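*Asks:* What TrEMBL records for B:30-49, B:69-92, B:104-129, B:149-175, B:187-207, B:219-242, B:254-277, B:297-317, B:329-347, B:353-380 is transmembrane segment.
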Amino acid sequence: MSKLLLQRLMLVLGVIALIVVLIDLGISIAATIPSTTPARVEQVKAGPYQLTVSLYRYPASAGYGLPFAVAPSSATSGSPTYQVYSVPGSGVDATPVRATFSPDPNVHNGIKGAAEITVQGPWTLQITVNGSQGQSVAIVSFPATTLPAIPIWLGWLVGFLPFYILGGFFLMQMSRRKNEEANLDTVSPHPTIQM
Amino acid sequence: MAQQSIGETRLARSSTSHTLSLYTVVKVRFISALIISLSSLICFLGTSWDIQWHAFVGRDRTLIPPHEMMLSGIGLSGIAALLLVVTETIWARQNRSSTKQVTPFAGLFSAPLGAYIAGYAALNSAVAFPLDTYWHSLYGIDVTLWAPFHVMIISGMALTGLGAAYLFASAANLASRIHAPGSKRTAYAGMVVAFATTLSLFMLLVFNGLQPDYTINLGFISLSLFPCLIGLLVGCILIAAASLLPWQWAATSVFGVSALFVIIDQLAIPPALTLLMQLEQLTFLKEQHATPPQISIVSVSWPLLTIVAAVLIDLVIQRAKKQNWSKRQLLTGLVVATFLCTIPVTVRSPLAVLNLISILGVAGVILSFALGFLGTFMGVQLGQGIGKTMRTLEG
């Protein structure tokens, strides 16, 4: 393969990689934006508070945010405050993550936000409500899935990519330098020794 | 006669304007290399913060502040490299006589080699980031530094630093050509910083080699990759710096700047973690610590004998120059000097070598150090090669 062809191939790969990065960035941002209709709606009780919890992706996508909305089903006195965590189920190697949310402008005392789901498997959304009738917790269970698994050896093969390129680069540099030194030798019979 | 005189004046003006243009090119390369080096430093501190976060809090969101810091560094270095490639390509098209000062790529671009290296390295890390999120989503969060896409991210960030070193070398060679000794000296100083960021970032991948869980089991014997990896790394980076920079203490300077980064790390990371914990209302992992940690994992895991190796490398080179050593004598001296850093001594575990013996047995340790010698030999040769290439790069 000629040098120019190799460079053009690298250029094409670079452009594809850049496009992939930008697409993934777009998907990550889009994942946190709720769609118009929820994928699942659950009626749950947090002690005295009746809540409607909307999940905008079901099952959730591991590695991305899960958009959700919480609305009180019945009229509540005062303004309740919320705390929402995504909590991994048993056997899921993950830590609880605090969800980010803001008041829902369309629902009185409601909130909407996104909960990060890091690993595939069973998860729960743990919603703590603190209102005039005290503090209570509601739990909503949901599964999280991800793309099909690639073999671990393939992961390593891809992960070492920079080292293949680096190795190839150093080999090319060494062969170029040897050629240059050989050319110098033909010009000067006593080449100077450098570090 | 008059015509010739006018012609000469035109030639002189053109030559002066070309020199001025080259001076601008030196400046542009220097600034780009500086931005890329600082981006690599941001990546190093972000990664250290992330290591601390994983150890004491556990991995939670993808976009936690340490990840954002790393992504900022990657993005900044990628954009700086891309801008330099575009700027220099335009400049090279306007100055046809500039072919020696640039490296052509794919028949479309003409820019310094370091810009391509830094650009591709940044892109590599950027691609590895979503792949790492995918890997975590499959296999859980309790993944160590030696996971496929961690290796890809960190090595990419380290290579942006190497790209910056190539850029500084290119700026120094160009400055030498246009007789600008001040710019040349500044570029050399920048090179020390760039080499130090590369060393520091790659060093993050070396630590795990000392962990008992990361020994290579061959069935009849187990061995540690730590001596091989550190010999390869230190040999490559410090020898490249020492054989390139015209200073007596070049390798020691690179280690010194790297040590400065570690000190900054120790001063900044533990309070940053505590502050962020309070802001994010998170708690420390119960099995780890109930109180905020006062140490940075990276700083206490730093292999301390690298300083001895760095000083010895400089001394060997000084002696070789004074006594006119042969190439073989020099190579032997440098390998022996560098090999010293393969003995594991850290603040966290000053007697790590004894731990290695208890884990691997005497035979395993001997084999690990034999592998370390091989890695050191390759690293020194690679370092000498990089030094030679950089010395004549795009000058």
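Heads up, the Cβ atoms here are built off N, Cα and C, so glycines get one too.
Surface or core, plus neighbours and distances: that's what I need for these features.
*Replies:* Among residues of the same chain six or more beyond the transmembrane segment (B:30-49), those with a C-beta under 8 A of the stretch's C-beta atoms are 65-70, 72-74, 76-77, 80-81, 83-84, 114-115, 118, 125, 154, 157-158, 160-161, 163-165, 167-168, 171, 183, 186-187, 190, 193-194, 197-198, 200-201, 204, 261, 264-265, 268-269, 272-273, 296-299.
Beyond its flanks by at least six residues, the transmembrane segment (B:149-175) meets 22, 25-26, 29-30, 32-34, 36-37, 39-40, 43-44, 47, 70, 73-74, 77-78, 81, 84, 101, 112-129, 131-132, 135, 143, 181, 183-184, 187-188, 190-191, 194-195, 197-198, 201-202, 204-205, 240, 244, 390-395 of its own chain at Cβ-Cβ distances under 8 Å.
Within the chain, the transmembrane segment (B:187-207) has long-range Cβ neighbours (under 8 A, six or more residues past its boundaries) at 26, 30, 33-34, 36-37, 40-41, 43-44, 47-48, 51, 145-146, 151, 154-155, 157-159, 161-162, 164-165, 167-169, 171-172, 175, 226, 229-230, 233-234, 237-238, 240-241, 244-247, 250, 253-255, 257-258, 260-262, 298, 301-303.
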*Asks:* Apart from its near flanks, which chain residues at least 6 from the ends of the transmembrane segment (B:69-92) lie with a Cβ under 8 angstroms of it?
*Replies:* 21, 25, 28-29, 32, 35-36, 38-43, 45-47, 49-50, 98-99, 101-102, 105, 108-112, 115-116, 118-119, 121-123, 125-126, 129, 153, 156-157, 160, 163-164, 167
*Asks:* At a threshold of under 8 Å on Cβ distances, which of B:219-242, B:254-277, B:329-347 pairs most often with the transmembrane segment (B:353-380)?
*Replies:* B:219-242
*Asks:* State the non-local partners of the transmembrane segment (B:219-242) in its own chain: residues 6+ outside its ends, Cβ under 8 Å from one of its Cβ atoms.
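*Replies:* That would be 165, 191-192, 195, 198-199, 202-203, 205-206, 209-210, 250-251, 253-255, 303, 306, 309-310, 313-314, 317, 334-335, 338-339, 341-344, 356, 359-361, 363-365, 367-369, 371-384, 386-387, 390.
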*Asks:* Using a Cβ cut-off of under 8 Å, list the residues of the same chain at least 6 residues beyond the transmembrane segment (B:254-277) that approach it.
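*Replies:* Cβ under 8 Å, 6 or more out: 41, 44-45, 48-49, 52-53, 56-57, 65, 192-193, 195-197, 199-200, 203, 237-238, 241, 283-284, 292-296, 298-299, 302, 306-307, 310.
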